[in-house]
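Here is what TrEMBL says about this protein:
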- 8-116: domain 'Ig-like' (DOMAIN)
- 210-302: domain 'Ig-like' (DOMAIN)
- 314-387: domain 'Ig-like' (DOMAIN)
- 391-463: domain 'Ig-like' (DOMAIN)
- 493-611: domain 'Ig-like' (DOMAIN)
- 620-719: domain 'Fibronectin type-III' (DOMAIN)
- 721-810: domain 'Fibronectin type-III' (DOMAIN)
- 814-902: domain 'Ig-like' (DOMAIN)
- 911-1004: domain 'Fibronectin type-III' (DOMAIN)
- 1029-1119: domain 'Ig-like' (DOMAIN)
């Protein structure tokens, strides 16, 4: 199996070699065998290749499955690779000689061992009786094996326990399908599958040969995945048509399947075989077929990169990664014998594929994930250990001892590394429960225990114990008791403010979102009680518990709130010895108002008021709209914002922006200086483009959010005045005007026109057309008219008539305008429609009268309709009686005009009359006839004469368009009898009936003349058409673009049909699916599929037969397409 020229050095690589074993086969199922080999790879540069072989050639990897399983592992520390071969449920066919080979780049080693199988009874399989398939075992004699019966053979001196029914393996294989050969071989213990197929083919070849096939397909073919295979048959008839089938379905020629016909051989080439090509194939010729089975061998998937052991801590992500030899291969993950897949793993495990890499991800590993993880492929396996340790908890801040006096606040606080960790607080070993005075909080990584109004009973040891960790934090609370006897001093309380005690209000301004901290100094003895209030909300800061009760001035409805001391929260009161601080975090608009601070003690009370003003950016302006537009301008108005930011005295500034096109995300600022008014005129706009406007409000704090965009509008201007206004017609009560559109229309277009006259009244709706008739005008009055164009921008300047129009109908003489086609005779067929439209003019409306042949037209089959400007004569189905002269007369008072129109209705003529033969002489006959009685209302333009032989009774035309009623028929055959018929013809065609001569005319035979003409014709000699090949059309040089299919063609002639040979650079082209050669009646075509630069060169075509040969050639140039950028540079 080594490549030529390679001779690896034989060296001892095995640390442990497989040992020969003897397995016991039971009556039901055999036992399992495990063979182990260990290889030292410390001296190798890369991983060695390993093979398990049976006999000389059988590679056991191709038989991997449930019966034969392979495993391997690699120890990175000792660099020793372990190899396992497991034989599951041993059968008799597993007995024999085995070999294990290890090969590296420059080293190799091998070892042999034996596997023996002992049955529970004195029997062995047929195959094992004829040889042990050892190292020196040759090819088995299947001719003897397959003819023998499969039965239990008696050992020397022993008899079988039970007689077995004889089974002829050959008959089973002969009747089975090719796809079942391997299954039958495995069932009866045949290990030499290749030898079995050879013998089966040889024995099948002994059957009777087919009349259609000279050679059929082999029973089975085997091909590696991705390789090419050819199926070839030889047929008896070289012109026979064959059909290829795959699993009963017809195969069409393509790049995948290529058909070749060379002489009697028919070949099917399958390119790049995959698992879908593993099927049954048939070649069908007529009623006979040849079948075979194609087996596609999928190479076993091996592991090229093993799993690595992982050591991690709880909560971390774990990634196992393995790399296999094939992309898209399937692997199986297992943990401690349990399979892991997407259905059973849930969200705990994730599986990924990246080319040849397969990845198992464990999210947030726990102690339960500890174990051994396996990955299995069809050709190997790998395993890795996962160790997960508990995550240590770090103490970032421990709790500290406290020493406090009565009524003070005790706060125990600690911080750990994991914010998800919970815990419990203990006092002297007893768990602390939360109450109104004792609060327990957990915010992020901080744990806090707060004890308000400390008492002597609160003293002790306090401990915090995190849940799930063997850790505790302890601190001690010491209570300090102080007893002082003194005489209390009493001073009335005082609030120290600049405006304290006066009637003026103190105003504090704060920007919304900022923090407000207002410190007020308070004095008094004993320490006064401080009360902050806004409306009914009161915030207090109490002193000692022995202070005097609160003053009566505080409303009773808020007394329940005075005892609350808000030391925490967004709005709170912070108190120190002589200082009271009012704090607002993130000021909001709702915080604005009048706040009152009250202080009192037994010696008195004091009060002060502070007004807190919250200022913010204003709300956006409202109701933005466009009030008017011009050609390049627009006026926009809006309303001030509903909230000006809290400072009414500040100036309101406006910023305008516009959107160039509706739907665009780009806004353009119009004014760069702030604008005070609420109306703005935008200029330098583009006419016909839609715009939107929005406005920002500005104060001393900042800019507001944008307003809602205005409705889209378009700057447009009114059109110019209409042009060429003139009077088209005037009657006693109406006036018709005509004009042209304005020269300047603009983007707004024209919605219509408004017509006005100097008296009262106008058309309310715009007129869309460029003409209009004003009705209801007074007779004889002089009127002035003007026309205005209207669009969305308004009215245009008016177009006015230069002088007044007198409303009186103008007299116009009648006149008929006959169309050009009616100035000559109108000829039409019987049954066709006649529709004559004849315009006329005249004012007032003339009287129209129709005449036929100078008589008033009263025919009901002729319809007449008349309007103000034309008249229509309509005949639905013309008859010959409608032919004649039609006269149209129009008259106004005593003035009239008339026009004549001639109509002729025609049809096909009747047959000629009385066809007779007036004379017969020699080869000639003279005919005469009379014209038809009915000429179809038009002139007869000729006659058509036909003859008929009495023997054939077929009619043949002799003359066409014969003008005279007589003719002479020549070239008649002596001895035949003839009949003649004549058709008449006019402009409509031949007559439907014909006039036939009833008596046959006999042409006499003149023997004397005939005998003189007799001569003996020479014998027929067949012409020799054989010729050497000669090209009648040469190949032409071509220049093509790479990637586009090209075809080159030529034409050849020769007898017998020459053999065609295509060559590239003097090398014959054959067997390449990229080239498709066609021959259609001597036209030769070579199709090159998607040529590349390497397909360029000189192509030639040679035609050869037994009389000679001829060839033509051409040059094919393949160019790379240029990019557009390169063409522009050139």
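In case you wondered, yes, glycine gets a Cβ from its N, Cα and C as well.
The average pLDDT computed for the domain 'Ig-like' (391-463) is 88. Taking H, G and I as helix, E and B as strand and the rest as coil, DSSP gives the domain 'Ig-like' (314-387) the counts 7 helix, 41 strand, 26 coil. Counting residues of the domain 'Ig-like' (814-902) by DSSP class, helix then strand then coil, yields 6 helix, 53 strand, 30 coil.
Taking H, G and I as helix, E and B as strand and the rest as coil, DSSP gives the domain 'Fibronectin type-III' (721-810) the counts 0 helix, 41 strand, 49 coil.
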